[in-house]
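A short worksheet on the structure shown next.
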Amino acid sequence: SLPVARSRRARDGGANGLRKESSPFINNTDNDKAISYDGKNMALFEEEMDSNPMVSSLLNKLANYTNLTQGAQEHEEADEEEAGPKKKAVKSPQMGTFMGVYLPCLQNILGVILFLRLTWIVGTAGIVESLAIVVMCCSCTMLTAISMSAIATNGVVPAGGSYYMISRSLGPEFGGAVGLCFYLGTTFAGSMYILGTIEILLTYIVPQAAIFVAEKKEDEPAALLNNMRVYGTCCLTLMSLVVFVGVKYVNKLALVFLACVVLSILAIYAGVIKTAFDPPDFPVCLLGNRTLQNLNFDKCLKTEEVGNQTVGTALWALFCGGSRALNASCNEYFVLNNVTMIQGIPGLTSGVISDNMWSDYGPLGMLVEKPRQPAVLAADTSQDVYLPYVVNDIASFFTLLVGIYFPSVTGIMAGSNRSGDLRDAQKSIPIGTILAIATTTFIYLTSVVLFGACIDTVLLRDKFGDSVKRNLVIGTLSWPSPWVIVIGSFFSCCGAGLQSLTGAPRLLQAIARDGIVPFLAVFGHGKANGEPTWALLLSGGICEIGILIASLDAVAPILSMFFLMCYLFVNLACAVQTLLRTPNWRPRFKYYHWALSFLGMSLCLSLMFISSWYYAIVAMVIAGLIYKYIEYRGAEKEWGDGIRGLSLNAARYALIRLEEAPPHTKNWRPQMLVLLNVDTDLAVKHPRLLSLTTQLKAGKGLTIVGNVLEGTYLTKDSEAKTAEQNIKSSMAAERTKGFCHVVVSSNLRDGFSHLIQSAGLGGMKHNTVLMAWPGTWKQSNDPASWKNFIETVRETTATHHALLVAKNVDSFPGNLERLGEGTIDVWWVVHDGGMLMLLPFLLRQHKVWRKCKMRIFTVAQMDDNSIQMKKDLQMFLYHLRLDAEVEVVEMHDSDISAFTYEKTLVMEQRSQMLKQMQLSRNEREREVKRTTPRPPGLHREQTILIKRIGLCRWSLIWRPCYVSSSDAAAGVHMTWTKEKLFTERHRGREANANVAVRDLFNMKPNQSNVRRMHTAVKLNEVVVNKSQGAHLVLLNMPGPPRNRGGDENYMEFLEVLLEGLNRVLLVRGGGREVITIYS
C-alpha cells in the first residue's frame, strides 16, 4: 500500500494545500522537491488512489489468493488495521494429487461392493448383464468426472468442492437442494462402509464374537441384523473420534488401508492365474441339484462305515430330525436324491464360464441350484426353509442389482469434497479423479470376467459363502490365502468409512457457512484449525440411522439415488455453462463438451429410475422441498450461476428477476451503450465504433446504439427517424446485434445524459459506455465539444458505468479484416475492476483479433520490488486463466525536465488566454466596431483573438503572442521564436500593452499541473517505447479533475499521454469487479 500512501501525501500537499513555492524553476532545493513533487510519477491518477489502488498494491494483496473473500470487493479490501496485532493464520494440510485425490477416490471406489457383493452380482446377473451394469455405472461416473473436472478447473474451488461447484453453477436453490441430498448420500455411504466392515468382522473373521446367536436357521437373519447394529454403533463412535483428532491422521491411515486393498487385488489376480494349473480345493456339497450349507458337517456323505457298521453322518442327522439311525424318518427330497461334491473353483480353463454367462434371478427364499444337475423333485417342500440349503436372502432382479452395485463407483467426489485441503485443486481434481475411475473400471471389468471364468455358478450365487464353510467367496479365489482378501477388504471398508466421515462434515460446513439454510448455521462452526466439529456430530447421528437399518443391500439403493441426483446436476451445470459461453467460463481442463454433459445427465436420470423408481421419486420430492424452502426463506445470494445467465435471455419473468440484484462478477460482460455522432447528412461519422462493439461482444449480451440530435422532437421528427434508419443500416453492415435509440434534446449535453441514465429496461441495462475521442477538440472553435466529452466522463463515473474511449477509431480493423500476428498491449497502472484484463480476452474471441497475443505491462515505482511484482502478476493471471506475457516497467523518480515545465507553462497560458476571450456581449460588440473588416473565412471571435493577442504555433502547442494592430488587420499568422518573445515583452512594457497579455508572460505554472504533465510525458515515453508497434493499446483513463476550472488542462494531459500512438482504447472502470479468480 506504499504507492497509495505516497499519493495521499502528494494530494494533501497538492494544488489546494500546497505551500507557496519559493521558485518556479526546476532546480529548487531538495527539500522543496521532496514535498512538492512527491509521487509525481503517478500524479495523473492521484485523485483515484482511494478507490482504484496501484497495481503493485493490488498484487501484494493477491499474493495469497486463497485468503480472499468471494464477491465484487474481493480485490479492494483496505489494510487499515496493519498496525494492530494480527491473528495467526491457520494452515490446513496441503496435499497433492496422489494423497489428496487419487487415494481417497480409490478408497471409496474399491470398497465394500467389490469384496462382498460383486461375486454374487456376477452369479445372479450373469457375465453379460454384469458387464452391462459395470459399463453403465462407470460410464456415468466418467462422464460426470469430465464435467466435474471442467467446473473444478474454472477457478478456485474452496472446501466443500462438489456442493460449491453445483451451487455456484446453478444457484443457491439448486445448490442447497442437491448439496443437502449429496450430504445425506455421503453420510449414508459411511453407514454402508461401516456395515460392510462389521459384516466382514462377524461373518468371516470372528463369528464367535456375535452377541446375538440364532438357535434356529430361520432366526439367523434377525440375529445378524442385531449384531450389525451393536457393533456398527461402536465402530461409528471409534471412527468419529479418529476423524475428530484430525484429517492428517485419516490420510496416514489411508496409506495403510490402500496398501491392503492393493495387495488384495493382486492376490485375486494371482489366484486367477494359479487356477489355470492348480485350482484351490474348496468343495461344494450338493444334494441333488441343491447347494448345501457346509457349516455343521464335514463330510459330504449320507452314511459312513464306522466299526464295520453303516451309520448316518452329520448331514444325515440334519435331514432326519437329528437322528443318525438309518431307519429314522428323513426328508423326502433327501431320500430321493444323492449327495455329490463338486469343486467350487474349477479353474480358469475348466469352461465354467459358459454356465455363468446368463442371469438366474429369483424371489426371496429361492434355493440355489446347479443347472443341468440331475435331481428328483419331492412332493412336499414346506420344510425346505428349515433345512441347511443355500437360499436367496432377498429377491433378485436386474434393477435391484444396479442399485446395489452403483455405490461402488460413487467415490469420485472424495477428492473434490476435500478440495480445501489440496495444494492445487485445479490440477489435482481432474487428474486424480479420472485416473482413479480408469483404474477401478479396469479392475471391475476384469473381475467380472475372471470371476465368471473361475468360480462355479452355485458358489457365485452363495452371498455369504455358506457352502464353503462361510469363507468369503472372493477369498477362496485368492492366493496365497483367503485371509489376504478378508483382511484387505476389512481395512478397505474401514478406510472408505473414514473418508466418508471426513468429507461429509466438510460438505455440511460449506452449506452452513453459505447461510442459505438458516437452521444449519450452527454447523458452520468448528475447531480453531477449521475442523467441522458440530457438523461431524450431526453426520455421526445420521450415519447411525443407516446403521440401524443394518442391511447393506437396503442402504445401497438409497445412496444410489442421492449420488445420481448430484451427478445429474454436475452434468447439467457443465452443460449450461458451456452453452452460455460466459466470459468467466474458462476451464483449464479442455476435454469436455456440452453433448457429453447431456449424455451423462440422461444416463444419471435413467439409472435413477432403473434402480428404483419409487426411491427416485422420493429423492426428487426431498430435493424439491429443500428447493422451495430455500426459495421461501429468500436465499439472497448471487453467485453468478448458470440459471442467472440463462435468465438474461428470457422475457418478462427474467427481466423481473434481474431487477432483484445486480449481476455477479462471473456473469459480468460489457453491455454496451455506444454514443454515435452523425454528420450533417445524418450519416454515421465513425462506423468503426460499431465494428469494435461487435468484436467486443461476439454477438452476446446487450448493445444499445445511441445518438442525440439537437432541437425539439416536433421539428426534428423526420430527421430522427432518418438517423435511426441510417444507424440501423450501419449496424447491419457491421454485424452489430442490438438496439438503436435516437434522442432529440435541446442540447447535446442533456441528450447524452438522458441516454446514459435511462437506456435499457429492467435488468437489461447497459454497464459500459463506448465513445470516440474528440480528435479535433483543439481546432474546434466551440469549446462545447470537449466540455461535453468531459461531462460525459463525469456522468459515467457518477452512474458507475465503465467507459471506453477509442482514439483514432477510424483506423480500427473492420469485421472482415484479419489482423496478423501481433500484440494487444495492456498498460495496467491502477486497478479499477479488472476491465483491462477482460477486454483483451473478449477481443481475442473474435476472429479479427484471434492471432494477437496479450501483453500486460505494469508500472513499478522506486520502492517496489519489480521482480516480486512480476511473479505475483503471473500468478494472478494463472488463477484468472488468462494467457499473457508479463512485463514490469520501472519508472524511477527523476527531475522534471525543462520540456515538461515549458509544456505546462504553455498549456496554462493558452487556458488563461481562452478565459480572457470570454468577454461580455457589449465588450465584444465594442471590440468588433474598432476592428477592420475581417478576412473571409474568419469568425468574429477569431478576428478579436488575433487582434488582441494572437495565436502562434510553437512545437505542437498553441501559445499566445503579441500581434501589432496593423498585422492583425492583415490577418498575419506569425511564427514564434525566442528572440521575438523578448522583443515583444520589451515592446509591451514600453507601449503600456494590455495588462492581461503581460500577465500571461509572467505566469508561473501550478506545481500540481507540473507533476501531472510529468506523469503524462514520462508514461507516454514508456508506452510509445514499448507499444508503438502493437495492434491495440489499452490504458487506464485518469478521471477528470474535481475542480471544473482545470477541464481544458485535463484534455491537454490526455493528449500528451496518447501522443504517438495509433490505436488506443482508454478504459475507465465502473467501480465494481468484472473478473474473478473464483469458479
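Keep in mind that glycine also has a Cβ here, set from the backbone N, Cα and C atoms.
Note: TrEMBL annotation is automatic and uncurated.
The region 'Disordered' annotation in TrEMBL covers 1-31 (among others).
What TrEMBL records for 96-118 (among others) is transmembrane segment. Sequence-remote contacts of a segment are chain residues at least 6 beyond its ends whose Cβ falls under 8 Å from one of its Cβ atoms, and for the transmembrane segment (96-118) they are 189, 192-193, 195-197, 199-200, 251, 254-255, 257-258, 261, 264-265, 404-405, 407-412, 414-416, 418, 421-424, 427-429, 431-433, 435-437, 439-440, 443-444, 447-448, 451, 463, 472, 474, 485, 488-489, 492-493, 495-496, 499-500, 503, 552-553, 556.
Annotation comment: TrEMBL describes 101-275 (among others) as domain 'Amino acid permease/ SLC12A'.
Summarising the annotation, TrEMBL assigns transmembrane segment to 130-153 (among others). Sequence-remote contacts of a segment are chain residues at least 6 beyond its ends whose Cβ falls under 8 Å from one of its Cβ atoms, and for the transmembrane segment (130-153) they are 121-122, 161-162, 165, 169, 398, 401-402, 405-406, 408-410, 412-413, 416, 419, 425-427, 429-430, 433-434, 437-438, 440-441, 444-445, 448-449, 452, 564, 567, 570-571, 573-575, 577-578, 587-589, 591-592, 596-597, 599-600, 603-604, 607, 1079.
Non-local neighbours of the transmembrane segment (174-195) in the same chain are 108, 111-112, 160, 162-163, 166-168, 228, 232, 235-236, 239, 407, 410, 413, 417, 493-494, 496-497, 500-501, 503-504, 507-508, 510-511, 514, 516-517, 539, 542-547, 549-552, 555-556, 558-559, 561-563, 565-566, 569, 619, 622-624, 626-627, 630, 635, 639, 641, 643; each lies 6+ residues outside the stretch with a CB under 8 Å from one of its CB atoms. According to TrEMBL, the feature transmembrane segment maps to 174-195 (among others).
Proximity of distant same-chain residues to the transmembrane segment (228-247), defined by a Cβ-Cβ separation under 8 Å and at least 6 residues beyond the stretch ends, is recorded for 92-93, 190-191, 194-195, 197-199, 201-202, 211, 253, 418, 421, 494, 497-498, 501-502, 505, 529, 531, 533, 536, 540, 543-544, 547-548, 550-551. Residues or ranges marked as transmembrane segment by TrEMBL: 228-247 (among others).
Residues of the same chain lying 6 or more positions beyond the ends of the transmembrane segment (254-273) and with a Cβ under 8 Å from any Cβ of it are 99, 103-104, 106-107, 110, 115, 280, 348, 443, 447, 450, 453-454, 474, 477-480, 484-485, 487-492, 494-495, 498-499. Look at TrEMBL and you will find 254-273 (among others) tagged as transmembrane segment.
Taken from TrEMBL, the feature domain 'Amino acid permease/ SLC12A' covers 391-673 (among others).
The transmembrane segment feature in TrEMBL is assigned to 394-414 (among others).
Here TrEMBL flags 434-460 (among others) as transmembrane segment.
According to TrEMBL, the feature transmembrane segment maps to 480-498 (among others). The list of residues near the transmembrane segment (480-498) in space but at least 6 beyond its ends in sequence, with Cβ under 8 angstroms from a Cβ of it, reads 107-108, 110-112, 114-116, 189-190, 193-194, 196-197, 200-201, 204-205, 235, 239, 242-243, 250, 253-254, 256-258, 260-261, 263-265, 267-268, 270, 411, 471-472, 474.
Within its own chain, the transmembrane segment (534-552) is flanked in space by residues 112, 116-117, 184, 187-188, 190-192, 194-196, 199, 225-226, 228-229, 232-233, 236-237, 240, 243-244, 501, 504-506, 508-509, 512, 522-526, 558, which lie at least six positions past its ends and keep a Cβ under 8 Å from the stretch. Sequence annotations record features per position, and here TrEMBL assigns transmembrane segment to 534-552 (among others).
Here TrEMBL flags 558-579 (among others) as transmembrane segment. Cβ atoms under 8 Å from those of the transmembrane segment (558-579) belong to residues 140-141, 143-144, 146-148, 150-151, 154, 162, 165-166, 169-170, 174, 178, 181-182, 184-186, 188-189, 192, 402-403, 406-407, 410, 413, 546, 585, 592-594, 597-598, 600-601, 604-605, 607-608, 611-612, 615-616, 618-620, 623, 642-643, 645-646 of the same chain, restricted to positions at least 6 beyond its ends.
Long-range Cβ contacts of the transmembrane segment (591-608) within its own chain (Cβ-Cβ under 8 Å, at least 6 residues beyond either end) map to 136-137, 139-140, 143-144, 146-147, 149-150, 402, 406, 560-561, 564-565, 567-568, 571-572, 574-575, 578-579, 615-616, 619. Residues or ranges marked as transmembrane segment by TrEMBL: 591-608 (among others).
DSSP places the residues of the domain 'SLC12A transporter C-terminal' (687-805) in helix, strand and coil in these numbers: 57 helix, 26 strand, 36 coil. Taken from TrEMBL, the feature domain 'SLC12A transporter C-terminal' covers 687-805 (among others).
Per TrEMBL, domain 'SLC12A transporter C-terminal' is recorded for 819-895 (among others).
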Summary of DSSP states over the domain 'SLC12A transporter C-terminal' (819-895), given as helix, strand and coil counts: 24 helix, 21 strand, 32 coil
Stretch with greatest number of CB pairs under 8 Å, the domain 'SLC12A transporter C-terminal' (1008-1079) reference, 391-673, 687-805, 819-895 candidates: 819-895
For the transmembrane segment (394-414), sequence-distant contacts whose Cβ falls under 8 Å of one of its Cβ atoms, 6 or more beyond its ends: 101, 104-109, 111-114, 117-118, 121, 124-125, 129, 133-134, 136-138, 140-141, 144-145, 148, 161-162, 182, 185-186, 189, 192, 359, 361-364, 433, 436-437, 440, 444, 496, 499, 503, 553, 556-557, 559-560, 563-564, 566, 607, 610-612, 615
The domain 'SLC12A transporter C-terminal' (1008-1079): DSSP-derived helix, strand, coil residue counts: 35 helix, 11 strand, 26 coil
